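According to TrEMBL, the protein has these features:
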- 331: active site, proton donor/acceptor (ACT_SITE)
- 167, 250, 271: Zn(2+) binding site (BINDING)
- 178, 274, 275, 282, 309, 365, 366, 367: substrate binding site (BINDING)
- 83-438: domain 'Amidohydrolase-related' (DOMAIN)
């Protein structure tokens, strides 16, 4: 399989046999954990009878540990033959366990909800995620984005937050989905300045401008927008320059417009097949990016593998077209993990049935209630892909998309010790966050 250049050039394993001559020995008395008797996902392979060494929340090189520190590990854990993989990364989740990230509240209540979701997601192997905000008013963004700055995870606080995915409001009203029409931005005629104003990257006074710019710009990791809207296409390079991943979605873009967006710097497609024109042989629209010409770097694309948002056959078509581009997402909303009933998604009233969520009184889908580990298992069932491919769709691929593949989505020296232990049938058995094991049985959601 041909992987993107970013993956081909990346050196995933570094294990020199000894340090350089005359290298001073760094002092580090922190506890060292050695995980033995495990199968480990490394460098597109599953390595049998491997071991993982952890210190200070990071994966360490056992050779360097031996030569520099000249001591044995403080703790040896037997993985009992389980498959150990990097912690899962979720790029699109609107909420869970009764918490909706798009509904502002006082800081204490909002933080409590974040912690509830961050801890609850660990039960399903998700150790890092992008809280997703549906199209909202500028006032909502200004209130909630400062609370969604990247923060590390732990066994107590839960999964790490990578920054927010702001899904809208620069989207096409013809593909609004479950978003509220009245808050949509019909254009960005002033270019990047309009994005700054809506998301709160600038304020009315110099002090407010500095505060909002620092806090909110740090908080935004992904922006979903419709490139065909006036001014949006021209804003993509500025968004990318600001360190934001630009995703095409909730859009009526034709193939030409979608390809231009990629050339401008867009690297992701939000929930492929949903909230976009259906495939047509004369103009396949955004979906056509999966078959773009060879001189165009094809983007990653999100897939909701619940068997409802996308038919299994469509999932397989996407996988067959661009296997190295798939990123599994849940697009889950606040009713995930809860009983059937009526809930909220932003300002929209929605109804959870057994396996789906719809806008109240309609059959319009309003996010999912599936978990990321279930998406992964479904993906294998729908496509007959390898276990490695399915695992990389929730680990390596989202890490590369977000530019965090040095620390997340891989098991190699220097990476964060976020680990998921899986059974042969890919159910979560144990989880480590920042080198600490999580008591999964103590998590109450």
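Just so you know, glycine gets a Cβ as well, placed from its N, Cα and C.
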In Å, rounded, how far does the Cα of residue 167 (Zn(2+) binding site) sit from the Cα of residue 275 (substrate binding site)? 12
Across all chains shown, how many C-beta atoms besides its own are within 10 angstroms of the C-beta of residue 367 (substrate binding site)? 32
By CA distance, which of the recorded positions (250, 271, 331) lies nearest to residue 366 (substrate binding site)? 331
Here the binding-site residues are 250, 274, 275, 365, 367, and the Cα closest to that of the residue listed as 'active site, proton donor/acceptor' is found at 367
Neighbour count, 10 Å Cβ-Cβ cut-off, for residue 282 (substrate binding site): what number do you get? 5
Expressed in Å to no decimal places, the gap between the Cα atoms of residue 365 (substrate binding site) and residue 271 (Zn(2+) binding site) is 12
Residue 275 (substrate binding site) to residue 250 (Zn(2+) binding site) - Cα separation in whole Å: 5
Are any of 178, 282, 309 (the binding-site residues) within 10 Å of residue 271 (Zn(2+) binding site) when you go C-alpha to C-alpha, and if so which? 309
By a 10 A CB contact count over all chains shown, which of the binding-site residues listed here is most packed: 178, 275, 365, 366? 366
Other C-beta atoms that fall within 10 angstroms of the C-beta of residue 274 (substrate binding site): 17
Using all protein chains in view, find how many other C-beta atoms are within 10 Å of the C-beta of residue 167 (Zn(2+) binding site). 28
